[in-house]
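Lifted from TrEMBL, the feature list:
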DOMAIN    1-84  domain 'Chorismate mutase'
COILED    4-38  coiled coil
BINDING   R8, R25, K36, D45, E49, S80, Q84  substrate binding site
DOMAIN    92-267  domain 'Prephenate dehydratase'
SITE      T260  site 'Essential for prephenate dehydratase activity'
DOMAIN    277-354  domain 'ACT'
Amino acid sequence: MNQLDKAREKINAIDVQMRELFEQRMKAVEEVAEYKLKNNMKIFDPDREAEVIEKNSIKMQNEKLKPYYREYIQAVMDISKSYQESIVNCDTYGYQGVLGAFSHIATQRLFPHGKMKNYAAFEGAVKGVLNHEIAKAVLPFENSYTGEVGEILDLLFKYDVVIQSIYDLKINQNLLGLKGATLCDIKQVYSKDQAINQCQDFLKNFDYELIPYANTALAAKFVSESQDKSKAAIASIETAELYGLEVLAENINTSKDNTTRFVVVGNELPEDGNHLSIVFTVHHESGQLAKIMQIVAKYGFNMENIKSRSLKDASWQYYFYMEIEGHYRDEKMQSMLEECRNSSSNFKVIGVYNH
Ligand SMILES: O=C(O)C(=O)C[C@]1(C(=O)O)C=C[C@@H](O)C=C1
């Protein structure tokens, strides 16, 4: 046995002990998390961290190792915080937007007993999943009327989060006004431009001034706060309840099939589902994309959807998104994915879900 082998043998034995100690430490950390949750305490305790570092590093025999030890124990506590976040936030769900927005409604319907956290931007919600601030994020993926929400796909390509399920929310727009107002009182209508467009057939019967607003929920809030009976908003029924408004006209969208598909995004791929989504790039050469499609066809899987999106850091180059019908854990599926992975770059399974 040479020197390297001997040293590695020692490391192996130490790693066994450290693994066991790590598990014991994390067990104690679980108890801390439970206590903090019950007593509404913050996970991060800077004084305690300073104490842990100080008390331990002062006893180090090898002076040279002190700075490395500080780094090490800090990393251990960072891991501990991340684990505690996942325990404390296991029933917190995130969405982008304000109370009453369709993302909020979808989140509420999916997780009626969960806690909610809203984010100003989609990216914030995705990062919230990554750092365990929330268990999952509910994000709009596609609307049957206005098409895909490309930004969400870009985030799934960029970050290591995955689609765990999908939820289709029927979007019904309503004309909301102050209590006691009638359709004849209304002079101005506020809403998101897309919502106004979705209700054109209804609106052309009236001579309302149409005023675009940041989003439907904020438009309803504005009308409620204005206390002006000549103002109305186009928004959901839930928003009417939230801001104490009356429904002046119900379900006024032209297309009665207006649906938004939401994706529930988390950190781990579910065990199984009857659909999956992949992303990848291919070389800029003839037939490269066709090759991937042929692999899917060769294995007999049904490709349900394919999209391309531009790569943000390479002009005029694209990545591809594909939805495939089939079970992720099937041996045949695994072989097919392996072949696709070998014939492409940046390959990732970004979702396993039921449809
Ligand atoms: O002692 C605590 O309060 C903990 O939460 C445990 C712990 C640790 O892992 O040692 C983790 C996070 C805190 O910032 C301080 C210490």
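Including glycine, each Cβ sits where the backbone N, Cα and C put it.
Secondary structure counts, DSSP: the domain 'Chorismate mutase' (1-84) has 70 helix, 0 strand, 14 coil. Residue counts for the domain 'ACT' (277-354) under DSSP, helix first, then strand, then coil, are 23 helix, 31 strand, 24 coil. According to its DSSP assignment, T260 (site 'Essential for prephenate dehydratase activity') is in a strand.
For ligand 1, the recorded positions lying close by, meaning a CB under 6 A from one of its atoms, are S80; the full candidate list was R8, R25, S80, T260. A simple way to gauge crowding: the CB of R8 (substrate binding site) has 13 other CB atoms within 10 angstroms, across all the protein chains here.
The binding residues for substrate are recorded as R8, R25, K36, D45, E49, S80, Q84; their greatest pairwise CA distance is 40 Å. For S80 (substrate binding site), the same-chain residues that are 6 or more apart in sequence and have a Cβ closer than 8 Å to its Cβ are R25, M26, V29. In the shown protein chains, 21 other C-beta atoms lie within 10 A of the C-beta of Q84 (substrate binding site). Taken together, the residues of the coiled coil (4-38) have an average pLDDT of 97. Cα of T260 (site 'Essential for prephenate dehydratase activity') to Cα of E49 (substrate binding site): a span of 45 Å. Same-chain residues at least 6 positions away in sequence with a Cβ under 8 Å from that of E49 (substrate binding site) are, in sequence order, Q74, M77.
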